[in-house]
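Quick look at what TrEMBL lists:
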DOMAIN    A:66-144  domain '2Fe-2S ferredoxin-type'
DOMAIN    A:144-183  domain '4Fe-4S His(Cys)3-ligated-type'
DOMAIN    A:281-337  domain '4Fe-4S Mo/W bis-MGD-type'
SIGNAL    A:1-16  signal peptide
Amino acid sequence: MSVASMSMWCRASCRASSLSLLVGGSTGPLLGGIHNNALVRTLSSSSASAAATPAAAAAVAPEEPPPVEVFVNGESVQVPKGVSVMQACDAAGVDVPRFCYHQRLSIAGNCRMCLVEVTKSPKPVASCAMPIMPGMQIHTETPLVKKAREGVMEFLLANHPLDCPICDQGGECDLQDMSMAYGSDRGRFVEEKRAVEDKNLGPLVKTVMTRCIHCTRCVRFATEVAGVHDLGVTGRGGSAEIGTYLEKALTSEMSGNVIDLCPVGALTSKPYAFTARSWELRPTESVDATDGIGASIRVDARGHEVMRIVPRLNESVNEEWIGDRGRFSYDGLRRQRLDAPYVRGEKGAPLRKATWKDALEAAAHGLRSTPSTKLMAVAGKLADAESICALKDLMAMYDGQNLQVEGVTPSSDAADVRSSYVFNSTLERIEEADAILLVGTDLRKEAPLLNSRLRRSAVYDCVPVASVGPDVDLTYPKKDLGDSAKAIDDLLSGASAFRAVLDGASKPAIIVGAHVLSRPDAYGVLSKCVQLANDVGCVSGDWNGYNVLHECAGRVAALDLGFVPGPKADVATAPGFVYLMNADDEATLASIPEDAFVVYQGHHGDAGAARANVVLPGAAYTEKGATYVNTEGRVQRTKRAVPPPGSAREDWEVVRALSEVAGLALPYDDVDGLRVRMAEVSPTFASVDSVQQSTIWLNGSTYAASKGSSKASTAPFTSSISNYFQADVIGRSSKTMARCVETRGEMYAKTHDVGSTLGELGEPSAHPLGD
Amino acid sequence: MSSAFANAAAPRISQTLAEAQFRSRSLFRQVCRELPWVVRNYQLQDVTNVAGLRKVVAGEFRKNVQVTDKQMIDLLLFKANAEITNLLGHHTQRHHILTRYVEKGVKVAPTHVQVAGGKNASSFLEGFLQGKMKV
């Protein structure tokens, strides 16, 4: 059986097992056990989404054959036809140990840990690979099974080093746990242990290959999910080894996930190596703010330091993966931090450390002494919704209407209709699309998690994908239609062959990259995209396939809150006072005139702080309970894992304090009051962790009244991210990310010199945590 | 670091009251010399500073200003020596220092804030400037 067909079988069986939960839950015993928990959440969330889309559920339901009855340890359980013995055991709530089996990967069946006894079978069978038969009698607790498990454990441990005390996996190791639960109390091997040379997989994944038990989860993940054929097995039997065939670094943006998949300590995190033990860490369930996907993460901290970031299960957003930037850029949270306010005395003078009082008074003076027509505020890529809302209210008090979102060509049209700037189909349902067009985006850099979903569609369901934009390797086949707006014109007129594919699809989807929003001709291109989406029927029934993909966490919240130029704003007027909220983009800074008074609020001393007259230190996303809205419009909240460094404060508090020092205090003193205000401005903020579907679709005429909507230049589309690892200030401050760029230099040209802004902050401030 | 206090374990007996008082003054100076190290290594920058700690330490010494019994002074010196040795050896932790020596110490941030229009600062703003963390 080929890898592809096995994977399809795996997907089919996963879908089938969602029904096994429903059936097993009603008739059989309750689900339980360590491994089942993940599965239960997986299944319940997918069944919930099926319920939310009755049409889809109805289309699937008639194909399902009637359930089959099998007996697990004598108890009857009803499961769908074709599922594996292991899934039947899971449905019955019986725990079967496993190393190589993983519900999101194809089935390898090579660890032999999941052996169970089946009546009339002469040998124990590998339950992950054996399909059930009607009336099958499965036994998991017999002496034969116990002996088989002990034997497997003994073989695995024969060559496994006994270095748990110095192993980073210690305390969260499947092999440790299983040898305690299922292993024998003695071994019979007196021969020398096998040793394997360690492989260098780049700056992120550390290998101790002697510990490897050859489950091949990493190989299957790289091949099937990440779509890079970097890892493989060489040799046979005792000389089998996992490795890259030639010595090279992993080339995936999701490579860190192999660390979580590895059941032993063979693949561990290189930056985390020897820094902490799992039981010392304080976990905080939070949300990733380093990209627009908003993956669910767990921030593990010790004292005041973030020690590592790992993914949490969230079927509708990130499944159980996260990208490498979100996972490994946490060391950037300790370097280049703004831990005190800074004020620049006069023009050209260096920034000097100041007290909060002095800094706020300087900023307030700048705000009060500037006429309202020359006030400008920019919501940056890492800004959270609370601070954006507070800043919007602050600017409103001074009648400053020139509000801009970083990376969006300023226009009040940008936030007119919610369906024109969010990922309408949602990340989960994009897999239902049967034809996909990408416009001006490199998904692999902008959203690796979304890219892996699209890869699944393109490779396993053969969904046609075409791209108008940069010609890059997305790890699956795609058709290149050109790189400029002309290609969209061809699709509109029908001159392009892909138009017929889109027309023939029942759920076509268009994904517009964030690059398009930042172009001078943004509204010309967007109106074409909206028109095309309307012409090919992207919006019908409960399906809206017009999607805008944002590469950063702050933008959708800013647009939801209407952080766009007001009716009286003249964006052409040179601003005299600029408030940068986490805005560090070169394009933003280049648009600020020399003599403008700039207040920068943020957490890193990067380009924005270097330009500023007053620097107000804020908190990073691990240091505050803040709201972020991901690209599909899902309102999510982070939690404070560690306190902000030095005298940095939560961002909305800074704006609130500034408003009072300036003389007009904002009417909220706590974050709850502010959140009530946010929900007044945009009702989408009233419910957290859910997507408020935008139902308004103006039949493709969203930008009809927009100035310049008919113009679109022939300038080529690029990606909004040129350097995946250093796309934001946290990544640019991270040593690990710099190492990644160095390792993959030919793929990611270094575009930003981290050290260039160091000298601008006057005396270097020693971070209390040191580095 | 703790070499200056290495002989703390061997109790010294002051022969005269003057010697005992001299010893307590030199211990105070020794402690003062270690305070920058303490601030740095216990990360006390955002809650206090060297001057604030020195004030608190001086207060601790002044508490016993009325003691004239040289044996009693020796005992107090012994206890103070033990305390500073523990501190320098990192046997105490940050929160010990915070509860014993910082909370009754100086405030780092100024409390009086001038708000435009001559109004008094709200409790929010005062808390903000003092860095009082809301949970």
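Glycine is treated like the rest: Cβ placed from N, Cα and C.
Caution: TrEMBL annotation is automatic and unverified by curators.
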Six or more residues beyond either end and a Cβ under 8 Å away: which residues meet both conditions relative to the domain '4Fe-4S His(Cys)3-ligated-type' (A:144-183)? 34, 97, 99, 111-113, 115-117, 124, 189, 191, 193-194, 206, 208, 210-211, 213, 262-265, 268-269, 272-274, 277-279
Its residues classified by DSSP, the domain '2Fe-2S ferredoxin-type' (A:66-144) shows 9 helix, 21 strand, 49 coil
Note the mean pLDDT of the domain '4Fe-4S His(Cys)3-ligated-type' (A:144-183), expressed as a whole number. 94
Using DSSP, how many residues in the domain '4Fe-4S Mo/W bis-MGD-type' (A:281-337) fall into helix, strand and coil? 10 helix, 23 strand, 24 coil
